[in-house]
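Here the structure is laid out as structure tokens; the discussion comes afterwards.
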């Protein structure tokens with residue numbers, strides 16, 4: 001027997017650790033051909049230079065996606081025998097892991113927009129994200145959607161009015177963003193002042209102000225000084241009425257505006273006044289009017305337009321509507337249950353105030369909210385026990401949705417703070433750019449007007465002085481860019497003030513060729529980097545600009561372009577500021593307006609140029625194209 005055990009024991013041990021099966025048959029041959037076939041199915045995915053290797057069968061598990069279908073062959077490169085994708089390799093790691101494990105995860109450190117773009121490119125839907133990451137993904141996506149909506153609203157109610165905006169759109173923009181104009185800001189503060197005055201008057205008119213002659217009882221201030229309070233209320237209601245009518249007239253959608261909460265508050269705030277004007281002196285009718293006057297207190301909600309904190313609180317309550325609904329439903333159930341229990345528990349007591357189940361509602365509400373007024377208390381032992389349970393259950397029911405509400409309030413508050421910070425940074429950045437460009441353009445136009453550029457071009461010894469006067473590197477490059485635009489195009493830069501004062505006149509003159517130093521042949525910092533084109537020698541007649549106009553240089557914002565028949569003209573730019581001999585009136589009733597923005601100046605490059613230049617065209621007239629915002 002021992003010999004038999006010794007014969008099969010090694011096989012049992014080998015089978016236990018997975019070396020060989022228990023069967024006594026011969027071991028099968030290794031799958032050499034299958035392994036070779038599997039190695040041939042190993043594919044390489046090159047994602048922006050990062051190589052990933054996986055099996056073809058792994059990708060073909062999901063044939064409805066890009067990598068699992070034959071569409072990936074469009075990205076195959078036979079030279080490298082790789083599939084190349086110009087995408088984000090960091091996010092692609094998580095996408096490839098989905099093919100390997102069948103679970104898609106969301107990397108919390110990645111941008112939600114970039115992640116959605118990668119999923120859409122590879123044909124994956126966000127709904128397959130694992131449960132461990134799906135809630136985080138939904139929260140980040142909701143925050144991003146709210147941020148984009150906030151940015152869109154900011155762009156729509158931006159500080160700069162678009163030229164295509166109608167008067168109605170401008171009025172609505174002024175109401176929604178009062179800081180766009182001075183008048184809108186003044187009206188904003190005036191309405192806020194009258195809201196405060198109306199609320200204070202509504203409170204003060206109930207304060208006793210002493211007894212009047214013939215009355216023993218003290219009269220409230222609203223009755224003793226009825227005329228003064230009526231005039232004050234009339235002034236407030238007139239302001240509120242004008243504001244409501246203007247908002248209604250300027251609203252993009254009047255139907256949506258009328259149905260909005262703030263519109264209903266505005267109507268409720270002013271409606272009691274107009275009802276009181278048409279009321280009779282009948283005491284029964286006036287009693288109903290006194291009841292309506294309580295709605296004047298709703299004017300305090302008009303402060304929500306002037307308070308960011310109130311708006312955030314409103315957004316929080318709106319976003320927590322489901323949690324608040326759950327809280328109300330839970331409290332209602334608990335109130336009904338405990339009121340019924342307390343009624344039957346106290347039914348046997350003669351001194352009990354629990355006369356009915358509706359009467360017990362007051363006790364359960366006060367107890368569950370942990371107020372405890374003490375006007376109704378249980379007398380029996382059973383009533384005290386159930387009252388204690390009611391108090392503890394109220395604490396639990398109310399405390400459950402509170403963290404959710406606080407979390408939503410904190411999220412909305414910080415999101416609003418970030419949006420304000422982004423708007424402030426954007427405003428400061430645009431202000432710095434405008435200041436830099438305006439200063440550079442003003443310096444350029446002033447130097448042209450004073451003839452400094454042409455004086456500097458007369459001798460090469462003065463170039464260091466010109467460089468020292470040019471200011472910062474940004475200003476130097478901006479001057480160089482303006483000079484290149486004047487050289488390569490038939491444009492001349494003039495300021496807005498001179499353009500308006502010139503009465504839209506342009507002069508043409510034929511002069512012989514001159515070899516005098518010109519603006520186009522400047523070397524050094526302002527030397528050209530652009531090929532020479534046919535040039536014009538006309539100008540807006542700004543040589544006669546008075547000293548006062550010279551001192552107040554406007555922002556460079558006008559380019560005059562004349563596209564007419566060409567005739568030989570002098571190729572010299574030395575007479576840039578010379579007076580014209582002939583003036584031609586232009587038909588400017590229908591000017592063409594185009595917008596252009598120059599943001600990247602061209603670096604200076606020194607290019608030697610000779611005196612042999614092609615002749616420049618002569619311009620006898622044509623339409624003027626004003627290119628603004630340069």
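From the backbone N, Cα and C atoms, a Cβ is placed for every residue, glycine too.
Model, not experiment: these values are computed from the prediction.
According to Swiss-Prot, the protein carries these features:
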TOPO_DOM  1-184  topological domain 'Cytoplasmic'
MOD_RES   38  phosphothreonine
TRANSMEM  185-206  transmembrane segment
TRANSMEM  227-249  transmembrane segment
TOPO_DOM  250-256  topological domain 'Cytoplasmic'
TRANSMEM  257-281  transmembrane segment
TRANSMEM  288-307  transmembrane segment
TOPO_DOM  308-321  topological domain 'Cytoplasmic'
TRANSMEM  322-345  transmembrane segment
INTRAMEM  358-369  intramembrane segment
MOTIF     370-375  motif 'Selectivity filter'
INTRAMEM  370-377  intramembrane segment
BINDING   370, 371, 372, 373  K(+) binding site
TRANSMEM  381-403  transmembrane segment
TOPO_DOM  404-630  topological domain 'Cytoplasmic'
REGION    600-623  region 'Disordered'
MOD_RES   602  phosphothreonine
MOD_RES   607  phosphothreonine
MOTIF     627-630  motif 'PDZ-binding'
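The average pLDDT computed for the topological domain 'Cytoplasmic' (250-256) is 89. Less than 8 angstroms from the CB of residue 370 (K(+) binding site) sit 391, 394, 395, each of them six or more residues away in the same chain. For the recorded K(+) site, residues 370, 371, 372, 373 set the reference point as the centre of their Cβ atoms, and the other residues of that chain within 8 Å of it by Cβ are 366, 367, 369, 374. Across the range of the topological domain 'Cytoplasmic' (250-256), the DSSP-based residue counts are 4 helix, 0 strand, 3 coil. Taking residue pairs at least 6 apart in sequence, the transmembrane segment (185-206) and the transmembrane segment (288-307) share three or more C-beta contacts under 8 angstroms. Under DSSP, the residues of the topological domain 'Cytoplasmic' (308-321) split into helix, strand and coil as follows: 13 helix, 0 strand, 1 coil. Other Cβ atoms within 10 Å of the Cβ of residue 371 (K(+) binding site) number 10 in total over all chains.
Away from its own ends, the topological domain 'Cytoplasmic' (308-321) comes close to residues 401, 404-405, 408-409, 412-413, 416 of its chain (Cβ-Cβ under 8 Å, at least six residues beyond either end). Same-chain neighbours of the topological domain 'Cytoplasmic' (250-256): 168-169, 171-172, 175, counting only residues six or more beyond its ends whose CB sits under 8 Å from a CB of the stretch. Annotation for residue 373 (K(+) binding site): same-chain Cβ neighbours under 8 Å, separated by at least 6 residues, are 366.
Less than 8 angstroms from the CB of residue 372 (K(+) binding site) sit 366, each of them six or more residues away in the same chain. Counted with DSSP, the motif 'Selectivity filter' (370-375) comes out as 0 helix, 0 strand, 6 coil.
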